[in-house]
Amino acid sequence: MKPLLLVLALCGAQVHAHSVGLRPDYNDYSDEDTRRDWLPEPLKPVPWQSETRYAQPQEAVVQAPEVGQILGISGHKTIANRPVNAFLGIRYGTVGGGLARFQAAQPIGYQGRVNATVQSPNCAQFPELDRLRLSESRGENVDDCLTLDIYAPEGANQLPVLVFVHGEMLFDGGSEEAQPDYVLEKDVLLVSINYRLAPFGFLSALTDELPGNVALSDLQLALEWLQRNVVHFGGNAGQVTLVGQAGGATLAHALSLSGRAGNLFQQLILQSGTALNPYLIDNQPLDTLSTFARLARCPPPSINPSAQGLKPLYDCLARLPTSQLVAAFEQLLLQNEHLGLTQLGGFKLVVGDPLGFLPSHPASLATNSSLALPMIIGATKDASAFIVSRIYDQLARLQSRNVSDYIDVVLRHTAPPSEHRLWKQWALREIFTPIQEQTASLQTVAPGLLELSNYILYRAPVINSISQSYRSVPAYLYTFDYRGEHHRFGHLSNPLPFGVDASLSDDSVYLFPYPPEASRLNPLDRSLSRALVTMWVNFATTGVPNPSSGVWPQATSEYGPFLRFTNNQQSPLELDPHFGEGIYLPNYRVIYKPTTNFSPPITTTTTTTTTTTTTSRPYAYNPYANWQNRPSQQHPNWHPADPEYVRAQEARQQEFIREREQRRREQQLRDQQRYPQQEPREQQDERIRQQREQEERLRQQREQEERLRQQRELEERIRQQQEREQYEREQQEREQREREELERQQREREQQQPEQQPEYNPEPVNPWGYPVQEPQPDDNPEDGRLPYPSYEQYGPEGNENLPETDANRNFSEEDREQQQQEQLRREQQEQQEREYQLQLEREQQEREQQERGQQEPGPEEYPSYEEYSRALQEKNAERDRIYAEEQERERQQQETLLQENQQHPEQSLPEEQPTHPNYEAYDGDRSYAEEQEREQQRRDQVEQEREEQPDEDQGEEYERSPDEEEAAEQDVLKVEDFPSYEAYLEAATKLREEQEEQEKLEEERYRAQQEEEDRIQAERERNSRN
């Protein structure tokens, strides 16, 4: 009984298995009529019917004889109900230190036990500069970064291998960008590679020490490692497809053209990038090296570098830490960013590298059909939106009505200078209308500028890459126009005045769930992702994206047909024969001759295709107008089994080929007719360019001479100022010594005069020579007050030797001459101070003008240097004239003072602030008669006032205390006590203000005292009346 039940169970299992079929990949639709014809193959159950489940980390062990025991993560993710193992951070090469960081890596040997459960850090890049510095401070090796990640389904066996090369701009990114969530729904292995970036992968001196193109050697080393070991992970080494994104596509294509890849990979998928991209080829690697060395503070290479001449640079680069070299590269990008993509360096491929990867230009290698591989190649619709958005501000500042001005800005940032004229002619012929050439505005020409940059950077390189290879190997063209919910970068958030559909790397969002915020797709995006993944995996498996239908035929020319991914829900996949018709410039087939003969075109079986009809100028006007209302591109009566439709399609294709050839011949004929007229114009343009260059060199030379002259003038002014200050210090010292000598001589004469002069006044006299008088009757002995201050209050306390206190002394002629000389010296000093003050004022005005930004116009503001020199001479002559007039006025003023001093010598005496009254100012002959008479009149007036007020109290006589006398002496300021005359004036002004304030306070006190006395007097009068 038990054997019978076992047999029945086995039979039932077979029947169930037969009814269910193989493992479901997509949903099946039972209704064949409702199945959409654009689908690449019949739909099966939805792979994303449930969210990805993360299992607990367990070890997945792989034994690789050349490597050792590799421990990965078993069940890293569960995708489509199937566990996926992950092997992360497996080293495939080793990088040395010092200068070896810029050279080819060495294969890694047997490692024993390898821990492949942790994601390895990315190679050195400036977005992770802080991490590099922290790792270096810990003593970690940040240069040994050559690792790869492998994702394999559980139980994989001889599956095709997809090797992803991350890219964009070749100076950032890492292997973590390739996640298995979408791709591993299919039976395929996914590998992602880390390689050296920026200067460590591309800096070149075209020598063995700095070869360049080291990133290509890293990729080759990783692919060699996979050829030996991928079989142990369940992969097929004979079915390796290299998938590159942007810059990664450039590396993948360049490696295939190098001829050194051999059988390391068999097919290519190039997304928005080829080896012919103009902005990823460095045509001047030595200039880039020189600029980088300067920013890294290393000795730059000489003009004709040699091995011995480059040794100091090598030693410096080997000595610097990795983080400092990365920081120097970041400065290189920021410094040259305004020059455009074609002028940036340090992250680009070089031609003629010693490693032999690019012995000649990639365009020349692309003409060799023996190096061609089957490929899927294309680009996103608006891949160059990122560059147009970055230069949009420059375009907005033009405000021009001529479209040529806008084209020049775009070409400066996107195309090599040698191709500017060719691309400009093509743009005016194929993109812009004649009306826009004279009535342009940024809003109207911006879509055309975006289309022009797309052709230069992406579509033209695609067309030129397959212009010869499509004859010998299959090539499938595509353009990704689909605009979904998520985008790879923020290029769509730009100031462009129109919508952008798909920008750079947006197609990768539907191939890998990266970045993490783009990992959750809506139903429409998931449908597009399923179609894209299926085609990519089908190509990796069979070499044909759609083996079961004719939706995507291979290219029959460099222009198509091509497949377009769109937002049209009725037909998301559209076929169009015009990928880039009309792009004949630049013609690389003429610039780079083919290296081998081409094989005849291969014969393919006729397939049913769906085409769209476009004009010969598909983007002549606004290509984005009414795109949502575009009619369906599919024939209403189309059916793959309709032979009439097939014949009609073939006839249309033949007609299209004939029309294209006719237009090409007509264009060549027009070019030949214009050639005789263009040649003189080109010669004239070249002559004008040479003249402008000569004028520019002369202008720069004159500017250099002018800067040197200004520098010399500045040094001369500084020297003169220093000499003037030194002279002033010496002059002050001499004046100080002369004053001291005069004072000493004066004291000696004063000591000698009392001995020589006879006494002529027998009467007793006071110290001032006045006769001693009897007390006047108006003195009040009771209160001691006098109606006016007595002469005794101004007595010379401790100053008997001063000239003004000596009553018997008259000024002699010798003293007067000395004082006149002193006056002349003071006037000379004041003259010098006024000149110095004028000079300071002029310098202050110049500084204020510079601070306000009112600088004098430079040579560039004048039509020619002669007019600038003439204007500069006029300004200098005007300044000299003003200065001469100032000098002349000062001289006339000085002569006037001298004449007055000669006519009135007694008025030229210096005015000094006396400590005591100087009566010579009132009476020069010392008779004192008038003074005595005035004193008697004052006494009589005071006596009369006292008689009128007999009872008024008399206040005490005010006498100065010794402290007040000392303070009065200290209040006298002398010029020699101050470092400059300005300081003396400031101190004198301050002292005068203090004295005035003190006088006001004394006056208020006196007024208050008078009021108090009046009040007391009034009180006495009232008492007396009572």
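Note: Cβ is positioned from N, Cα and C throughout, glycine not excepted.
Quantities reported herein were computed from a predicted structural model and do not represent experimental measurements.
Swiss-Prot has this to say about the protein:
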type     : residues      : note
COMPBIAS : 603-615       : compositional bias 'Low complexity'
COMPBIAS : 625-636       : compositional bias 'Polar residues'
COMPBIAS : 855-866       : compositional bias 'Low complexity'
DISULFID : Cys123-Cys145 : disulfide bond
DISULFID : Cys298-Cys316 : disulfide bond
REGION   : 601-641       : region 'Disordered'
REGION   : 659-695       : region 'Disordered'
REGION   : 723-1026      : region 'Disordered'
SIGNAL   : 1-17          : signal peptide
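Cα spacing between Cys123 (disulfide bond) and Cys316 (disulfide bond): 21 Å, rounded to the nearest whole number.
Cβ neighbour density within 10 Å is lowest for Cys316 among the disulfide-bonded residues Cys123, Cys145, Cys298, Cys316. Comparing Cys298 (disulfide bond) with Cys145 (disulfide bond), their Cα atoms are 25 Å apart once rounded.
For the pair Cys145 (disulfide bond) and Cys316 (disulfide bond), the Cα-Cα distance reads 22 Å.
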